[in-house]
2 protein chains.
Amino acid sequence: MVIRSEVLVLVLLLGSAVRSFKLDELIKYVDSHEEEYVQALREWVAVESDSSDVTKREELHRMMDMVAEKLRKIKGTVELVDIGSQQLPDGSSLALPKVVVAQFGSDTNKATVCVYGHVDVQPAKKEDGWATEPYNLTDINGNLYGRGASDNKAPVLAWIHAVEAYKALNLDLPVNVKFIIEGMEETGSNGLDAMIESKKDSFFSDVDYIIISDCGWLSKRPALTYGTRGNCYFFAEVEGPKQDLHSGVYGGTVIEPMTDLIGILDTMISPSGTILIPGIREAVAPFSDEEWKMYQDIEFDVESYRTKMGVEQLMYSNKVELLAHRWRHPTVSIHGIEGAFSAPGSKTVIPAKVIGKFSIRQVPDMDPAVVEKQVSDHLHAVFAKRKSPNKLKVTMIIGAKPWLADLKHPLYHAGKAAVKKVFDMEPDLIREGGTIPIARTFQDVTGKSIIMLPIGGFDDGLHSQNEKMSRYNYIEGTKLFIAYLQEVSQIKAT
Amino acid sequence: MVIRSEVLVLVLLLGSAVRSFKLDELIKYVDSHEEEYVQALREWVAVESDSSDVTKREELHRMMDMVAEKLRKIKGTVELVDIGSQQLPDGSSLALPKVVVAQFGSDTNKATVCVYGHVDVQPAKKEDGWATEPYNLTDINGNLYGRGASDNKAPVLAWIHAVEAYKALNLDLPVNVKFIIEGMEETGSNGLDAMIESKKDSFFSDVDYIIISDCGWLSKRPALTYGTRGNCYFFAEVEGPKQDLHSGVYGGTVIEPMTDLIGILDTMISPSGTILIPGIREAVAPFSDEEWKMYQDIEFDVESYRTKMGVEQLMYSNKVELLAHRWRHPTVSIHGIEGAFSAPGSKTVIPAKVIGKFSIRQVPDMDPAVVEKQVSDHLHAVFAKRKSPNKLKVTMIIGAKPWLADLKHPLYHAGKAAVKKVFDMEPDLIREGGTIPIARTFQDVTGKSIIMLPIGGFDDGLHSQNEKMSRYNYIEGTKLFIAYLQEVSQIKAT
């Protein structure tokens, strides 16, 4: 297969030195390189680039080197940017994985796109319940199982292969392409914000558009993503006695912090899931008729979503309502309580200090600073009514903003056109319920427009056991990226 | 000091072969052996007899051997009873520490008392915040700091020294004395119930009274303990989706188990600490005038109790009310939640299955089986009102009964008389807020009367950092036990 494609390249080279866009040829090239792409993914998945595990840091450094190597091989201008080190809880410091930046072309007559991706992964162990070895890419019925396959190694490779295909066929890259690939995304993109800020006037100065492919489709139908929710993460700490107390010996004589915490947490959400914190719901933009229509067109099966989660009943049984509450309405989730007894078994303790952890996924028109005040005011008000002798402290520890793109932006027209060309259908226009903070950083620091162009499958199991990428999404996704580069190049032309 | 006391023994032996009770001589003997007693405690504290740590099991076996050896040295009939093994979570089994039973005297004309105690300890590490090495008994201003010093090694030694003193002075033991010393108390007296049951008609057949000294005074004044609360420990499990979900991606589409759990837990207790579960408060026996008067006489400083705990305000500022709610009223404590995020930091999870853990310390006139139904009915009723698609399961995993003695029983008269003789004051008559399940086992299986005769200090810090036993309580406690044996012997005589 390799030989055949090399022959093809030679034949094509007989034409002209650098030729113009030929989608059919590129598609053929991708199809004939499927096994090589799978092999490349296998090599990347084999690296345990778990950014949360400090003992795996060497693997992460090796991973970044492999990314740089891959980009250099196809003649990119590649740099490994040192972004410093992180402080560990024991006081020592550990080098952060370098960020790989690369550039293909610097033709000032062309637009420049910057592709963002990451190659670090969430932790994974066979014992967690994987059916296969998580770091050994395993093909079962066309699904490629392995940690990081979908999040985010295959999409990054697909982008590299897209550029590689143009080069291999000696086709002119229709736009200049830059890459920014990091290795700390899963633990909060440590060091990246500062790097983006520092390169605002150099690396990013000529970037026109930023493309992020760190998400997935909603169904088997391709999708373009135009929004994400934000994330306001709170600690509500109630502090009482100086130290934990024996519940038998002291129970009945102190107002317990845990009782107070449960009491105030219970005032935030109604049994049916309505947010009761004053001001939150009021801030949400009204749902327009146009939006309603758009949601109606989205391919999404409520019943299979319900079955997949294994719940008897969802909060909304109507597709539009459900998607709207997943993407464009805020939600409150209580994640857990620190400081109380959480192990299996029984322990008769009155915890002295407990920290309730919850988050509000906020949506456009909601400002984290305002949400912080609303939550704090509300909790302090209900706490005051309890007349408790304990102390309450409310802190917002994350205030990641939502991101919303203008669907009328040419980036999205280009996306629709590329999907049409590769898949012969219209894409779903979707949002993400989760938060991708880097999108907002790019937007705020560089002022550039962003599109999220996912190729991950709806059932890829990111962060879960048995994460996978299908051959279909991987290969057709590569073609989509190829087509998209061409479509983006048309933006300036029109 | 050793030499002097041996001389004393020789001098006394010139009198008669076995002589009758001489409190002054016994007290002098104890005073002159203080350093030996401290040394004995030092040797016992040096053994890391942590029953919860399976890697320390050899130490525990050694500890039981030391107890047996100590009792044999003073000519007791000693047996190490094999009570089998425990199952470990990994499926393997581990030998339980043998129970030491011993007997001093079998004169059928005398009453027989059985002293219960334990020599296993709670875990302790210097890093936990100890000012001294926990297994190296350290004397600071007359306080003997060390893990297990008060709970329960010094009291067990004090009982052995009490018997030893009689023997050393060749004084007739006024009652037959039996010992039952175990090594698994801190982890639930594994295997002991079955052993007591099996020895009901042998070892326990001639026992008249059981004495437990596994508790403490309420102040600097000696106390007799006549009651403990029970403990109904509950798991309330709410189960929703098949697996944990990403709160961004899925939040807003499912009714979260955590919201349900917080909601139902919040219906059990009012902000001021009143139990709201129907039937619980109604079951509590009314507080009699006599009881009120008795509580009034107890030496207890509410303000120093408050300061010690470090709270701004207690549930009750009145001494009688406070003690009543500590001892003879039930209380609900929420200990924590299993299955939710409890680590430091932030994690954006919707936990799929959460288990709320809480306990009700119930009091006499409350039956655990009834409490179980009241709690289950209540939680299921409030859960049903929420119309949640999630599933609720309520389980009572511990149903330990309270214990209450008859204060008019001669055992308590004997206790008062002994305190009067040694301390020249009236003891406080107190209860324990916690549960000592073995008391109820003894009561139910053997049908014998029980007294709790504490010598631990009110500030000994059981289960905490810097556990200690004061020389004062240790030495005067030994004298109290000596006097008590004599007083008990008078019960039959009168």
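The backbone N, Cα and C atoms fix where each Cβ goes, and this holds for glycine too.
For the Mn(2+) 1 site that TrEMBL gives as B:D151, B:H463, the extra residue drawn from B:E182, B:E186, B:E426, B:E432 is B:E186. Cross-referencing B:D206, B:D208, B:D214 with the Mn(2+) 2 binding residues that TrEMBL gives (B:H118, B:D151) picks out B:D214. Distance noted between the C-alpha atoms of B:E186 (Mn(2+) 1 binding site) and B:D120 (active site) is 7 Å. Working note on the binding-site residues B:D151, B:E186: by count of other C-beta atoms within 10 Å of each C-beta, B:D151 ranks first. Cα distances from B:H118 (Mn(2+) 2 binding site) to the recorded positions B:E185, B:H246, B:H463 are smallest for B:E185. Most Cβ neighbours within 10 Å among the recorded positions B:H118, B:H246, B:H463: this distinction goes to B:H118. Among the recorded positions B:H118, B:D120, B:D151, B:E185, B:E186, B:D214, none has a Cβ under 8 Å from a Cβ of chain A. A distance of 42 Å separates the Cα atom of B:E185 (active site, proton acceptor) from that of B:H246 (site 'Important for catalytic activity'). Within 10 Å of the C-beta of B:D214 (Mn(2+) 2 binding site) we count 23 further C-beta atoms, all protein chains included. Cβ crowding, taken as the number of other Cβ atoms within 10 Å, peaks at B:D120 among the active-site residues B:D120, B:E185. Using the Cβ center of B:D151, B:E186, B:H463 for Mn(2+) 1, the list of other same-chain residues with Cβ within 8 Å runs, in sequence order, B:V121, B:Q122, B:G148, B:N152, B:E185, B:L462, B:E467. Highlighted in sequence order, B:G117, B:N152, B:P155, B:V156, B:E185, B:E186 have their Cβ within 8 Å of the centre of the Cβ atoms of B:H118, B:D151, B:D214, the residues recorded for Mn(2+) 2, and are not part of that set. Across the fold, the C-alpha of B:D214 (Mn(2+) 2 binding site) and the C-alpha of B:H246 (site 'Important for catalytic activity') stand 48 Å from each other.
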